[in-house]
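As given in TrEMBL:
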type     : residues : note
TRANSMEM : 29-49    : transmembrane segment
TRANSMEM : 70-91    : transmembrane segment
TRANSMEM : 120-142  : transmembrane segment
TRANSMEM : 149-168  : transmembrane segment
TRANSMEM : 174-195  : transmembrane segment
TRANSMEM : 207-228  : transmembrane segment
TRANSMEM : 240-260  : transmembrane segment
Amino acid sequence: MEALYSNIHYWLVDHPTISQFEWKQGHTFGSSISFLTISVSVYLCLTLLSLRFSTFIPTLTTTTIRNITAMHSLILCLLSLLMVIAGILSVQHQMPPHDWKWIVCFPGANRTLPRGPVFFWIYICYLSKIIEFIDTLLIVLSSSRSRRLSFLHVYHHALVTVLGYIGLQHAQSMLGLALIVNASIHVIMYAYYFLSAIGKRPWWKKVVTNCQIYQFMLGFMISALMLYYHFTTEFGCTGVGAWCFGIVFNASLLVLFLDFHSKNYTNNIKKEL
Ligand SMILES: CC(C)(COP(=O)(O)OP(=O)(O)OC[C@H]1O[C@@H](n2cnc3c(N)ncnc32)[C@H](O)[C@@H]1OP(=O)(O)O)[C@@H](O)C(=O)NCCC(=O)NCCSC(=O)CC(=O)O
């Protein structure tokens, strides 16, 4: 058992590529402003064009689209699970001994650089947000696109990538925790999408939405703690400027998800009554 743990720890934390990782703008793959701008612009342009010219876009047969979405969702589900495990091990490894405050507040005044295993996995999470653009492509190519290509979906996919970039660039406090929480939610979300795609639509759709809503609420609570440390400790916390963008995004997603919740589930209760 111990040998298995050491092996996992080596491949997820201690391997030189991971332990010596450093986000260097312009050097690390995907770290240039042009990479970010082009990726997000191409994503938005193609999505808007597909909305504008939806009648010209062929829809794939149900079987083809289901097989591709099932495979894509399974890959993202497993990748998210990997990020949860690696995120926990990396935080444990990189956190100074018994300094629990570090989880929500990386020491400021140039004392924290975006390097080491925690930032490696945040970086993988950032790249995974670009892979998640494929979700939108799959929706566009499916027959249910008019129902599922929502503002919430496109807004989330475009902005989360930008915020991941800004967070890495500024070694934003709380990102390690955000990685673990968000990847955990994505494990169940992509499991839900996988099961839907293979025709076994789970009964727990509402549970997934509730978990997403709790995630955004938790974001506010942890932020309050981070701000407390920021204003009461000698060096403050890193990336408070980047956090300002993040918290506005968090608030907007909370509003959009509450709206999604009331539209999708409140009517069901009324129908049941
Ligand atoms: C329960 C939810 C996860 C999903 O709600 P939806 O109404 O979109 O779900 P649904 O029941 O229509 O989904 C089932 C349909 O999705 C298809 N499907 C399968 N895999 C998919 C994938 N990877 N991306 C997009 N769609 C996919 C299935 O084949 C099925 O199609 P068919 O219906 O044709 O059989 C919800 O809580 C939610 O997140 N809603 C917002 C919509 C969204 O885009 N969410 C993801 C990004 S936001 C996010 O990720 C926030 C976060 O960080 O937590």
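A Cβ is built for glycine as well, from the same backbone N, Cα and C atoms used for every other residue.
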*asked:* Ranking 29-49, 120-142, 149-168, 174-195, 207-228 by the number of C-beta pairs under 8 Å to the transmembrane segment (70-91), which range is first?
replied: 174-195
*asked:* I'd like to know if the transmembrane segment (174-195) touches the transmembrane segment (120-142) in this structure, counting it as a touch only when three or more C-beta pairs sit under 8 Å and are separated by 6 or more positions.
replied: yes
_Chain residues outside the transmembrane segment (240-260) and at least six past its termini with a C-beta under 8 angstroms from it_ = 108, 150-152, 155-156, 159-160, 163, 166-167, 169-170, 172-174, 209, 212-213, 216-217, 219-220, 223, 226-227, 230
*Same-chain residues at least 6 beyond the ends of the transmembrane segment (149-168) whose Cβ lies under 8 Å from its Cβ atoms*: 23, 31, 36, 39-40, 43-44, 47, 50-51, 114, 119, 122-123, 125-126, 129-130, 132-133, 135-136, 139-140, 175, 178, 239, 242, 245-246, 249, 252-253, 256-257, 259-260
